[in-house]
Amino acid sequence: MIRKNWRTALLVAASGALVALSGCSAGHANTRVKDEWMARVPESELGDVREAQTQRLQANDAIVRADVEIRDAERALEVVRREEGAARMRKEAEQASVKAAEAKGQRDQIGDAQASLKAAQGMHEAAKAQVAWREHVVEMKKGQKELREREAEVANAELSLAEYRALKNSGDVRADQLSEADFNKAVSEARSRLASTQKKIEKSQKQEREARAQWENLRDRAQGYGGSGRD
């Protein structure tokens, strides 16, 4: 009896899930024009559709380019991380040189070692700042990819709207199965997500500019010490 009730409950749950999925599919169908419908629309009435298709193609291409920029930024980050490690090792070596000079008690050697240490410390600080900047660059590039994705969503929504209008203007009665309000809502929601992402990327770009300015300031200061340091 218990097993029978369990099976019944399972069947009810499965049926409910299928209904829910069907409802979701139906909701999505309200903002999608079938390809076979569009095939019957005269080419002369597809001007806006063709333009929207071009915009979507460009948006998708921009996503691919954004991926490439992320990988380039990540490689650049790895390079400066290695440079930061080398700068840290040089600083540690100069610290050891200062201790060795102090142990000998030679004033000239101590002065030279301290000058070299100061230069190495400056270079290390600049290297750390460069790593921080490059990390911001990577995050900014990822944000730009998200922005490109939101732009693609807008392009997709606008293409669907253009297809619906072309279908309706062609006199196809199947357009009556759809609601222009649903298409307009999809476009509005996509644009809202795009605007939100644009605000995020503006903040990320500001942080990247600040990090770069910090690195450039420390780099220039370190280069001022460079003449007194050892290679």
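Even glycines carry a Cβ here, placed using N, Cα and C.
Bear in mind that TrEMBL entries carry predicted annotations, made automatically and left uncurated.
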Query raised in the report: Pick from 19-62, 63-106: which range has coiled coil per TrEMBL?
Result: 63-106
Query raised in the report: Given the model, what does the mean pLDDT over the coiled coil (63-106) come out as?
Result: 95
**Report entry** Secondary structure tally of the compositional bias 'Basic and acidic residues' (199-222) (DSSP, helix then strand then coil)
**Finding:** 24 helix, 0 strand, 0 coil
Query raised in the report: Is the coiled coil (63-106) packed against any residues at least 6 beyond its ends, judged by a Cβ distance under 8 Å, and which are they?
Result: 112-114, 116-117, 119-121, 123-124, 126-128, 130-131, 134-135, 137-138, 141-142, 144-145, 148-149, 152, 229-230
